Amino acid sequence: MDISGGNTSRQPQKKSNQNIQVYVRVRPLNSRERCIRSAEVVDVVGPREVVTRHTLDSKLTKKFTFDRSFGPESKQCDVYSVVVSPLIEEVLNGYNCTVFAYGQTGTGKTHTMVGNETAELKSSWEDDSDIGIIPRALSHLFDELRMMEVEYTMRISYLELYNEELCDLLSTDDTTKIRIFDDSTKKGSVIIQGLEEIPVHSKDDVYKLLEKGKERRKTATTLMNAQSSRSHTVFSIVVHIRENGIEGEDMLKIGKLNLVDLAGSENVSKAGNEKGIRVRETVNINQSLLTLGRVITALVDRAPHVPYRESKLTRLLQESLGGRTKTSIIATISPGHKDIEETLSTLEYAHRAKNIQNKPEVNQKLTKKTVLKEYTEEIDKLKRDLMAARDKNGIYLAEETYGEITLKLESQNRELNEKMLLLKALKDELQNKEKIFSEVSMSLVEKTQELKKTEENLLNTKGTLLLTKKVLTKTKRRYKEKKELVASHMKTEQVLTTQAQEILAAADLATDDTHQLHGTIERRRELDEKIRRSCDQFKDRMQDNLEMIGGSLNLYQDQQAALKEQLSQEMVNSSYVSQRLALNSSKSIEMLKEMCAQSLQDQTNLHNKLIGEVMKISDQHSQAFVAKLMEQMQQQQLLMSKEIQTNLQVIEENNQRHKAMLDSMQEKFATIIDSSLQSVEEHAKQMHKKLEQLGAMSLPDAEELQNLQEELANERALAQQEDALLESMMMQMEQIKNLRSKNSISMSVHLNKMEESRLTRNHRIDDIKSGIQDYQKLGIEASQSAQAELTSQMEAGMLCLDQGVANCSMLQVHMKNLNQKYEKETNENVGSVRVHHNQVEIICQESKQQLEAVQEKTEVNLEQMVDARQQLITEDRQRFIGHATVATDLVQESNRQFSEHAEHQRQQLQICEQELVRFQQSELKTYAPTGTTPSKRDFVYPRTLVATSPHQEIVRRYRQELDWSDLDTTATIDECSEGEHDVSMHSVQELSETETIMNSTPIEPVDGVTVKRGCGTTRNSNSNALKPPVATGGKRSSSLSRSLTPSKTSPRGSPAFVRHNKENVA
């Protein structure tokens, strides 16, 4: 059998390279991974990208890009529609296509290719079920062929590779050996001898054969997978389609689809296959997959030799990898972090396989004659072999000899293929060498020119080198000087260490004192607790004493209640006497009420009569006056408005005749007329106001009458007070007399006020008159000013305005007459108001005489009543004296009981005072010193820290010891010229690491010595610089002490140290 379809291309075809399509599918976590708490470290971040992490919290990620990536939630139908569905059309067009699943064991390869469900006749390649790619592809092919309505045949085969042994899963004879041979007619293809291809006609036939193959396939249970595939399988589908050619000749189109399910790579320890046959299976599986990886690497690197023959698996897939087949790879991986190494290996191989290029070619369409001829030749060949075997007249060889010839032939073919590949590789290498030679020739010319430039630069560099050597010598000397400085600092550090130990000893002593102080505080706390308990006990005793005092108070309260009842009885008796007195008083009150009612009735009648007459006269006079005045005002207003309208009409006629000349005059004249109207209207309003003021002036008369009525009401109130205050009748009578005299005085005062109000009204009338005269004057002045203005305008204007001036003069005369008329009417109104007030004054005099008569009569009656009531009050006083004597006795008894109770309470308080003294003297504890509390002391420790001498002094002495007279002893080690800067920087880089570290110690000015900063070795200043201490506010700090030990604080007043010694100053 030919795995590639067994057809050769006899016509030249257009070849185009095509990369292998690579897909990745990530399965979800299974139950085993959930049990071992394996975390997901693989993420599908896009339709084409996969990101992996070594651990869940790792920030280092690796991203792979493929043609398509499927996440854990992807379905079987999604994978098929993307990967295999496009290949079905290519198969029907006559291409050979291959799809194989690659990955670690237990990642879902068999699930993807075969599925977990058994395919049924009603199953469709588009439904959402767990059937795999193989049954979906067969169903899809049958559906497409049925819709094409062509004649076709379909044959399938199911090949298994187990422990490098081939097996036909659909064959009924297990003894048949299957071999692989290279196809001499088609380079890169193999022929599988002994593999049975079974024709199928429906989906049912295919599903039955597929189930048969699944049952015969080698599977086993491992720790990684309950049904782990222990072999590789290749499911091949060959489709022959009959179609008519251009000349009407029958043509046969052949397409082939290989669906490969590879066994997964395994780790022996993880899978639990350390013993037995499983070890051999694992070794063979891993060996074949390793060879597949090497083939992929060789194809990607375009190596001259691809190791197809090192494994039967790679020989089966030879045409699919780098051949004439359209190939797709599905890489299945696990998302758990326990399998991250295998996952990364699978992703890297799959990512590398993307670069493999195939050259897909359409299988040649064969005519019916060609097919029959091939079949006839093959039948004749088989017949001859059969006859030779029967007749035994052919060439017979020993089995060993035949085996040697076969092996020799295979080795020669293998060697020939290798030589051909080697020759091709040598040719490619020769082309590369020629290309390199041309490039080298071109670069040689460029290098020659560069060499000349380099020689010139060399001469310049030699001069620079001499200068650099000098700088290097100086730099080495400076290095030694810095080394000497470091040694001085080390000596200082040793002294500082000794001082630090002394300070730590003082700190330990202070710590011990602190612990003893804490013990003292604890003892005082315990003493406070005892005092608190004593206070609680004292509180309980005092509470008992207070309860006893409360009991005595309750007893005293009961005694007071009994006395209260006795006093209540006496009060009842007194109330009986009071009731009798009240009865007598009520009779007297009734008599007084009758007398007061009579007096009140007389006063009320008199008051009503007076009010009626006054109001009648006032209403008649006011109404007549207002009506007359309003009628006159309305008549005058109508007359004035008519006259003004007439004058305006005349003026308007004149203006129409002289419109062009009198526009400005018309506006001014209209303004004057409007002001006149406004003054007339304001005058009318003021007249209304004056009338209202006159009406308001009549109101005081009504208010005086109202006051009289209120005085009568006061009389009634006084009578009621007499009824309520019979217990002090005599005093009330005197008060009534006084009030009546006051009322008489107030009535006379009110009459005087009425007289004053009359005079005030007369004055107001005079003011109104003067106001009217003022308005008259204002009107005359306004008219005169208007006349003067109009006269000036007329003189400056046209003669046609003479008539308007005449009208204005008539209006002025009319206004004067109107003012005189208003003055006359106002005088008449003033006279009528005076008559009205005279009448009111007469009525008030009569009312006053009548009120005095009523008052005299009331006084006589009251004197009679007072005498009778005084006799009754004397009798009741004697009865009250008897009741008061009894009440006095009861009060004395109450005082005696109170004295006894007070004595008892005094005794209880003495007991409480004794308890308090006992608590203070015996129970209340005080603190007793133990003698362990530390006393105040002075801690002795170094208060002045050592410091290193100035760097200039150290360097100067060091130079004198070494007798370096060639250097300037007055210069510091940091000086360098500007011209040496660049060279010194290169020289410093050539020093050792120790030298570079030493150069990081800068020199700071000390004791007024100025240190010059250059640009060489003092560029890196850091916090380790030695600085002199500064005494500010009694505190000193040292940079050296900060870098070596914690900072120290000197007490106030400690002297600042001065550096003046050679090496160290204490």
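Just so it is clear, glycine is given a Cβ too, placed from its N, Cα and C backbone atoms.
The region 'Disordered' annotation in Swiss-Prot falls on one of the ranges 10-29, 930-949, 970-989, 990-1009, namely 990-1009. Swiss-Prot assigns the feature coiled coil to residues 889-918, out of the candidate ranges 199-228, 319-348, 739-768, 889-918.
For the coiled coil (540-569), the list of distant contacts is 887, 890, 893-894, 897-898, 901, 904-905, 908, 911-912, 915: same-chain residues at least six beyond its ends, Cβ to Cβ under 8 Å.
Under the three-state DSSP scheme, Thr520 (phosphothreonine) falls in the helix class.
Inclusion criterion for the recorded positions Gly103, Gln104, Thr105, Gly108, Thr520: a C-alpha placed within 10 angstroms of the C-alpha of Thr933 (phosphothreonine); this criterion is met by Thr520. Across the fold, the C-alpha of Gln104 (ATP binding site) and the C-alpha of Ser949 (phosphoserine) stand 73 Å from each other. Here the coiled coil (889-918) has Cβ contacts under 8 Å with residues 538, 541-542, 545, 548-549, 552-553, 555-556, 559-560, 563, 566-567, 570 of the same chain, all six or more residues outside its ends.
Neighbour density at the Cβ, taken as the number of other Cβ atoms within 10 Å, is lowest among the recorded positions Thr107, Thr933 for Thr933. In the three-state DSSP scheme, Gln104 (ATP binding site) falls into the strand class. Between the recorded positions Thr105, Thr110, Thr520, the minimum number of other C-beta atoms within 10 Å of a residue's C-beta occurs at Thr520. Here the candidates are the binding-site residues Gly103, Gly106, Lys109, and by Cα distance the one nearest Thr520 (phosphothreonine) turns out to be Gly106. Each of the recorded positions Gln104, Ser949 was assessed for Cβ neighbours inside 10 Å, and the highest tally belongs to Gln104.
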